[in-house]
Every structure is written in structure tokens, then in C-alpha cells.
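*Asks:* Sequence annotations record features per position, and here TrEMBL assigns domain 'Glycerol-3-phosphate dehydrogenase NAD-dependent N-terminal' to 2-152. Per TrEMBL, the feature NAD(+) binding site maps to 7, 8, 9, 10, 11, 12, 81, 133, 248. Among the features that TrEMBL reports, NADPH binding site is placed at 11, 31, 101, 133, 248, 272, 274. Taken from TrEMBL, the feature sn-glycerol 3-phosphate binding site applies to 101, 129, 131, 184, 237, 247, 248, 249. Positions annotated as substrate binding site by TrEMBL: 101, 248, 249. Annotation comment: TrEMBL describes 173-305 as domain 'Glycerol-3-phosphate dehydrogenase NAD-dependent C-terminal'.
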Ligand SMILES: NC(=O)c1ccc[n+]([C@@H]2O[C@H](COP(=O)([O-])OP(=O)(O)OC[C@H]3O[C@@H](n4cnc5c(N)ncnc54)[C@H](O)[C@@H]3O)[C@@H](O)[C@H]2O)c1
Ligand SMILES: O=P(O)(O)OC[C@H](O)CO
């Protein structure tokens, strides 16, 4: 199955590396000339994944006409740009493997819902899980959820992408797989705040557990299955992203916890911290679904400039409740 990757950021590049493992030709579409030039000339994405040698069988392009011969498209642009990019891509009825983690502002749509709206003839799959791009691109062991409702397509994609250090676990729960990835980014900001404000490891563990509870409530309300949320794309990714400064979302939270403003922290970032855009959308989507998400509300307050101490006091002073309701 010939693969093209749409999006030349860190994750798109790492997935191109996965798909090109056996020397198969892979086309990587990128917006930035610096990316296409460095990938083609030096086999490196010097903008988003510097210092990691890439397979010479990856060919980068800025021209969407070059993906014409691909049999499946891995779509790896940030969630808030997905609609504008997918509007330009000549998808036809080719499978779309959606790899962004976020919820669209304005519509509250998950990425697969946006893709189905724009390209109703294209089957969709979601690839998600605990996957720092720089580790995947280096070939370090990684496992992901590959969700697709079509059993035969899921098996073909899983086989095509799997390798000795990249394990794909199949699932038919597309909504569950993408909700875990979108919500964990918001919760990772909260865990970063705990780190930045020096609130301790007990607080971080509490946030991971209570954050997982609210991820599950929201995921089930939007049609996901609890076991998917407890798997690689939910709990697995939550644990990774909430425990490492390598996470862009966690590091954004560290800055907030140190008292910096979101505007200041996001101003000169070239890379994406999806949780910052997802948090207010998730708060609205949770309200619409009648789901209580106190950690998400706290992250929104922090992004909006409420002081850390005030947000923590508000979280801790809520009425006591049973743990499992
Ligand atoms: N980096 C990772 O480790 C990782 C792992 C798994 C999933 N993801 C997800 O993959 C998605 C892409 O993240 P990334 O890490 O590859 O990005 P990145 O931070 O490395 O790069 C930013 C990307 O945004 C694109 N971009 C910027 N402005 C744009 C615009 N106006 N229109 C279209 N595209 C624009 C850039 O071209 C680039 O591809 C995100 O949803 C992220 O959550 C990332
Ligand atoms: O750097 P982050 O916070 O966007 O996390 C990257 C991946 O989503 C981890 O699975």
C-alpha cells in the first residue's frame, strides 16, 4: 500500500519514517520550503525534527499533485488546520488515517467527524497513542491504537505500518481513540502546572487519576468505549504526556505554573501545543454533553490568566463526593 503523509511537522515526519522503514517510497507533503529542501537534500527535517537521520526513500513535496499515486493518506496537520488543509487535498475515495489530537474550534467536531464531513466517500481510521515523534523517528519501541470501523482496511493498515519496534493494536472504536488523544493534551497542561508551581508528585498523580475519570465520562458521552479510553490512546498517552517535559503541552503548563501568561508562552512557538486550542472547545463540548470536567475547566481558567493559587483553591474546595459515580 503506497503511503503519502500530509503534514511535515515532527509527527508527520516520524510517521513517514515508519512507513518508509523497508525502503518503500513515501511522499511527505509539507507547507514549509525549509522542510521540503532539508528532507530532500539532507534526509533530515531540520525545522521540526532536527538531528534525526531520515530514510532516503522519503521524498518531500509542497505540491499536492505529487500524492496522486498514494493508496492511503496519513493526515498529520494540527486539528485547527485540518479543515483548511483537507479542503485542498484531492482525497477522492482513498483511506484517510487521521493522526492529529484535538477538537475543532467552532464546530466541536472530532477530527474524524471533520474528515467525514469533507470527504464522505473516504474511509477513515485514527492512529493514536503514546508516541513522542523523536522516539518513533529514532526507531525506539512504541505501541499505538489503530482504529477503523472497516475490519479489512484496519488489518491492511495495521500490517502496512507495523514494524519490529512499532506495534499497532487494532480497534473499531474511532471516537474513543481520538477522544483520548484530544483530552490528554489538556490534562498534560494541568500536570505541567503542578510541576511549574512546585505542587508535588501527589498532586500530579491525583490529576492523572481524576483527569482519566473525566476523560472517560466525556469519551463515553461522545460514543467512545471505556476500554478504549483505558488503552494506549487514552490512559497510555495520558501517562506519557503528563510525566515528561518533552511534551509540548506539559511544558506549556510548566510555564503557566511559573506564573507566565499563555500569550507570552505561545507567542514564539513554531511547534503546536494542541491542548491550548482544545481546552476551551472541550469545556464547551462537555457542557453541551452534560459532563462535569473540573480539571479541564481549571486549565481554561489558567489559560485565561487566572492565578494558579486561585485555580488550585477552587479545585480543592469543591464539595466532597464519592470517587466512583
Ligand atoms: N510531535 C509529536 O510527538 C506528536 C505525536 C503524536 C501526535 N501528534 C499530533 O500530530 C499533530 C501534528 O503535530 P506535530 O507535532 O507534527 O506538529 P509540529 O509542532 O511539529 O509542527 C507544526 C505543524 O503545524 C503546521 N502548520 C502551522 N501552521 C499551519 C497552517 N496555517 N495550516 C496548516 N498547517 C500549519 C506546520 O506545517 C507543521 O506541520 C498534532 O495534532 C499533534 O498533537 C504529535
Ligand atoms: O508534545 P505533545 O504534548 O504534543 O505530545 C506528543 C504526543 O501526543 C505524545 O503522545
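Each Cβ is built from the backbone N, Cα and C atoms, and glycine gets one as well.
Quick one: how deep are these features, and who are their neighbours?
*Replies:* In the three-state DSSP scheme, residue 11 (NAD(+) binding site) falls into the helix class. For residue 11 (NAD(+) binding site), applying a Cβ distance below 8 Å and a minimum sequence separation of six or more within one chain yields 76, 99, 131, 133.
Annotation for residue 101 (NADPH binding site): same-chain Cβ neighbours under 8 Å, separated by at least 6 residues, are 79, 128, 178, 181, 182, 184, 185, 237, 274, 278. Taken residue by residue with DSSP, residue 101 (NADPH binding site) is part of neither helix nor strand, so it is coil.
Under DSSP, residue 129 (sn-glycerol 3-phosphate binding site) is assigned to coil, being neither helix nor strand in the three-state scheme. Within 10 Å of the C-beta atom of residue 129 (sn-glycerol 3-phosphate binding site) sit 22 other C-beta atoms, taking all shown protein chains into account.
Packing around residue 248 (NAD(+) binding site) is summarised by its Cβ count: 21 other Cβ atoms lie within 10 angstroms of its Cβ, all protein chains included.
Taking H, G and I as helix, E and B as strand and the rest as coil, DSSP gives the domain 'Glycerol-3-phosphate dehydrogenase NAD-dependent C-terminal' (173-305) the counts 100 helix, 0 strand, 33 coil.
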*Asks:* Relative to the Cα of residue 81 (NAD(+) binding site), which of the binding-site residues 129, 247, 249, 272 has the closest Cα?
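*Replies:* It is 272, whose Cα lies nearest.
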*Asks:* Of 129, 247, 249, which binding-site residues come within 10 Å of residue 9 (NAD(+) binding site), going by C-alpha to C-alpha distance?
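*Replies:* So far as Cα distances go, none of the binding-site residues lies within 10 Å of residue 9 (NAD(+) binding site).
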*Asks:* Taking DSSP three-state, what's residue 81 (NAD(+) binding site) in: helix, strand or coil?
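*Replies:* DSSP assigns residue 81 (NAD(+) binding site) to helix.
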*Asks:* Give the sequence-ordered list of residues that share a chain with residue 247 (sn-glycerol 3-phosphate binding site), lie 6 or more positions from it, and have CB atoms under 8 Å from its CB.
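*Replies:* Listed in sequence order, they are 132, 188, 192, 240, 241.
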*Asks:* Which binding-site residues (31, 129, 249, 272) fall within 10 Å of residue 7 (NAD(+) binding site) by Cα distance?
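*Replies:* Of 31, 129, 249, 272, within range: 31.
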